[in-house]
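The annotation transmembrane segment is assigned in TrEMBL to 60-86, 98-119, 125-143, 172-196, 202-221, 228-248. Annotation comment: TrEMBL describes 60-248 as domain 'ABC transmembrane type-1'.
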Amino acid sequence: MGAFVLRLIVGIVLALVIGPILVVIIAAFSSGEALSFPPPGLSLRWFIEFFRIAEMRNAFLLSIGLAVVSAFASAALGLLGAVYVSRHRNVFSTILQMLIMAPLVFPALILGLALLLLYKTVNMSVLPGLFIAHLVVCLPYAFRSVLTSLQSFDTTLEEAGQSLGAGPVRSFLLITMPIIWPGVLSGWLFAFVVSFGELNTALFLTGPGVVTLPIEIFSYLQFQGNQLVVAAASALQVLIILVVLFLAERLVGARQLVQR
């Protein structure tokens, strides 16, 4: 009875989460003029229309580039921070961990407004400011993923390498890094997905010619009202994320990604 109830709850949750996404993806291939389900026919018409709209196309390319760069920066800084926190038990490491994880506590709108006021004070341009905002939002996910891997790592392996003549950096690169690699990649994936879909913080920080896809979708739906173009944009977002997840699974395997 307990197992049946658990399966029922899981099924309901999956239906509530995945169901609306599937409806939007299927509707994106509609040949009709308005959003409807099931669609009257199948067509790539709205995907073609999406790429014909210069603002949508530019926002799509900017979001991909920004997500990739933010993910790499988050993974690198998250790795450095996680290494320090995992190997030092002092007040500074505790404060560092709290600062890195702080964006998860503060509402994204407040964070975006605070960054906007800071950028106006230092007269920072839009694109670097947007990158820093994405980095701040993504860093906690990458940091936590790498820290979890390091906490389960047996440091005696690295010490054994150093006892055989390898320096700290070499032993880390040749012994520690290959073992925690799935955690680093998992952190990169989390950062990419978060950056690619970031809306609340970026809402305050975009400017003329520098608009990410979530902001462009929000604006287009509000002022243009063509829901099928928005459905096509949403389907492309899901497709990009699935492709990235597939490539990651090919690199390290799904089991290791989930475990990290």
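Keep in mind that glycine also has a Cβ here, set from the backbone N, Cα and C atoms.
Note that TrEMBL annotation is computational and uncurated.
Note that this is a predicted model, so its numbers are computed, not measured.
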### Query
Looking at the transmembrane segment (228-248) and the transmembrane segment (172-196), are there 3+ C-beta pairs under 8 A, with each pair at least 6 apart in sequence?
yes
## Note on the structure
Relative to the transmembrane segment (98-119), the stretch among 60-86, 172-196, 202-221 with the most Cβ pairs under 8 Å is 202-221
### Message
For the transmembrane segment (202-221), give me same-chain residues lying six or more residues beyond its boundaries with a C-beta closer than 8 angstroms to one of its C-beta atoms, as numbers and ranges.
### Response
53, 55-56, 58-60, 62-63, 66, 109, 112-113, 115-116, 119, 126-127, 129-130, 133-134, 196, 227, 229-230, 233-234, 237
